[in-house]
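Engineer: Please see the structure below; I have some questions.
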Amino acid sequence: MMIKYRVHDVAKDLNIPNKEVIDTIQKYCGETKKHMTALTEQELDCVFESFTQSRQVESFDEYFAQNTSAEQEPAQENSPEQAAAAPAQGEEKSSRNEEERPMRNQANKENGKAAGDRRQQQGRGQNRQGGGNNGPRQNNNNNNRNAGAQNGNKKPAQQQSRPAAQAQQPKPQAQQKQQPAPAPRSEQPQQDSNVVRKPQGRIVDTRSSNVELEKYNEKYDRLASEKVRNENTVQKQKLTQRSSQYRGKPRTSRKETEAERLRRIAQERKQKQMTISVPDEITVGELALRLKATAAEVIKKLIGLGVFATVNDVIDFDTATLVAMEFHAKVEKEVVVTIEERIIDDSEDDDANLVPRAPVVVVMGHVDHGKTSLLDAIRHANVTSTEAGGITQHIGAYRVKVNDRDVTFLDTPGHAAFTTMRARGAQVTDIAVLVVAADDGIMPQTVEAINHAKAAGVSIIVAINKMDKPDANPDLVKQQLTEYEIVPEEWGGDTPCIPVSAKTKAGLNDLLEMIILVADMKELKANPDRAAKGTVIEARLDKGRGPIATMLVQNGTLHVGDIIVAGASVGRVRAMMDDRGQRVESAGPSVPVEITGLDDVPVGGDIFNVVSDERLARELVEQRRNAQKEEQFNAQTKVTLENLFDQMQLGDIKTLQVIVKADVQGSVEAVRQSLEKLSNQEVRINVIHGGVGAINESDVMLANASNAIIVGFNVRPDPVAEENAKRDGVDVRLYRVIYDCIEEIESAMKGMLAPKVREVALGRAEAREIYKISNVGTVIGAHVQNGKITRSAQIRVVRDGIVIAEDKIASLRRFKDDVKEVADGFDCGIGLERFNDVKVGDVLEAFTMEEYRD
């Protein structure tokens, strides 16, 4: 495998600039390279040859002069023939190098270790030298060895590269004193490796060494330390070398076995006490992993404690602590910090930071008892006229000045379909004003409002409305209230009952003063100097502005630009408007505002919080959306052995698919709940989609694909959607009052019900003669006593007042002619399909089964 050796690597190894390497390659190879270009073998050879030729030295005398005192004389005992032959051979070799171009054809075996190979060859050549003072003798010995090894292959380029490599590094690798030894090998080239030639001259023995290395250790240490200090960059591992993690280890080292590892862990556990962190719940396998023990050991300890568990079973914190104590481990409680805990501040406020806030009052009661009219009289505005049918369709939030103090009012619907809205209004308020008509008394939605107020723990003030009517009876209302554990103050209770009239505005001041009094008794306070927190009152989708949410700030202050998380929606507050439609920059506690900027329509009743990290907020919303999808998936009925028969029976039930679109989210919930309550044993209503906003093209496509009808509540379809609905035959129903919606769906359901069947009597005939005819069967000679007998009628055979059989008429004849019917007073012949045991005197009753609908 060819190792890539780049230009900058060569320059770094040779300690020369990149430009010098690039210029050398361009000079000899005619190609322009960049510093990251990988070089070929020929290009590397050119660089190395040029480098060694330009940096050759004539002699190592200066270097070895430092060690002349330690050198031995035996090196000078070489024969004069070798001393004379060495210069001659050197001159011959230098002339040959000048004639031939330094291009080697044979590849270096390892390019990454080229410099190291040359240093080793130089060291071996210097070990064979007799002394440091005789320069020609050094060249002679090296040239003899090179000539003997290379002449056989006849490669001049390679012959020239070796002396050049010796000059490349003037510092020898092995600095040892040379002992007298036999002369080196013969100068003659060895043509045949099998022929043994007699060596000429002396042979130098290089096996012994008396060189003092201590003299050069200090210098080498200094060079090595500087090199290591300069190499601060991350170096690539050369694949030709052994990995550093295995270097220096004996070859006999083996991998640690599992048994040895467990013994080692046990020893470490005994020497030092282990500390682990355990959450509230943990699996047995995870606990074993943290204890650095096997699952079998942990299960054995659990069995000893009387707990039978498998590896995947979950155990609580106390059990895990007992098991850890068996392993002599210290247990710490692991605290899991969720995203909500990181970005939502739920800390309690100091009393010093709390300031009084305005009370939040919800107006509740039965439909048409005057809740909105009473609120209109308080606000001096007319809201009822804008509601379809005079019925409040969704929550309205308003602020009213009462004796220079602000009071926030929430108006909830009174219709039975808006149960969720009433419960939501009761949960976010401090005081509930229960409106009861003096002429109507307690009604079902009034009872429901009472239960919601009691469940929310809010104070109740009863406003007995419509006192201007002549048939008003407030005492009857008070008596009915006692049946639901609400005792008026006049009767010794603690519930104020204020008679009012929204029409004449009588008693309104008393009602407002009572609201202020109750609020003062409750000492309502909040901290405006913290991140806002509150509740989504209502939400809708506006075509031009996007999702719009009505929110009630319960604590803190909401500012424009705040990052807000409301249920499964997140966004930045772009604009805020108060209940009068004016833009505001901030909203304090007990202030209802309408905001824009959310990415989705939140659900009414969701808690909203202002957070600082938008990225974590979006991650939290994504988790909530996934949890909602999983909850919806789990809510679908799964088939089990217990409900298998019920699921099979559902195959006979007809399903009416409905798509609900409304102006606000609360109305969608109300219509959905009302329609699903209309399901019966034969027809089931399935709301496959509910959304906020106008009816669009995708709704029509969904209805066409699922054979559904579209119910629009206070919305209109787009022109494109309306045209597609006409083209595809999709039924689109639009309503403004929820009563009309429920009634029409009920009538549509009746058309899907299986028709009922009833019996219609046609006539009676008496059997007077019985004829047995071969190939025909029994023929009854009968006389029609009343009514008529038709060919398609069914016959009931009655004998002595007991029904013997029911059968169909196979043939009806008068004389020899087949007839469709026989009238009263005539005789006829009747043949039945299956029953033949008819006797004279039996009564034949003719009847048909007729379908009908209620």
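Using N, Cα and C of the backbone, Cβ positions are placed for all residues, glycine too.
In case it's useful when we look at the structure, here is the feature table from TrEMBL:
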{"type": "REGION", "residues": "67-210", "note": "region 'Disordered'"}
{"type": "COMPBIAS", "residues": "70-89", "note": "compositional bias 'Low complexity'"}
{"type": "COMPBIAS", "residues": "90-103", "note": "compositional bias 'Basic and acidic residues'"}
{"type": "COMPBIAS", "residues": "110-120", "note": "compositional bias 'Basic and acidic residues'"}
{"type": "COMPBIAS", "residues": "135-186", "note": "compositional bias 'Low complexity'"}
{"type": "REGION", "residues": "224-260", "note": "region 'Disordered'"}
{"type": "COMPBIAS", "residues": "231-246", "note": "compositional bias 'Polar residues'"}
{"type": "DOMAIN", "residues": "356-525", "note": "domain 'Tr-type G'"}
{"type": "REGION", "residues": "359-507", "note": "region 'G-domain'"}
{"type": "BINDING", "residues": "365-372, 411-415, 465-468", "note": "GTP binding site"}
Engineer: Near Met467 (GTP binding site), how many other Cβ atoms are within 10 Å of its Cβ?
Structural biologist: 21
Engineer: According to DSSP, folded down to helix, strand and coil, what is Lys371 (GTP binding site)?
Structural biologist: helix
Engineer: Is it possible to get the count of other C-beta atoms within 10 angstroms of the C-beta of Gly365 (GTP binding site)?
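Structural biologist: The Cβ of Gly365 (GTP binding site) has 28 Cβ neighbours within 10 Å.
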Engineer: Please identify which of Asp368, Lys371 has the densest Cβ environment, defined as other Cβ atoms within 10 Å, among these binding-site residues.
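Structural biologist: Max Cβ neighbours within 10 Å, all protein chains included: Lys371.
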Engineer: Could you tell me which three-state DSSP class Gly365 (GTP binding site) falls into?
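Structural biologist: Looking at the DSSP assignment, Gly365 (GTP binding site) belongs to a strand.
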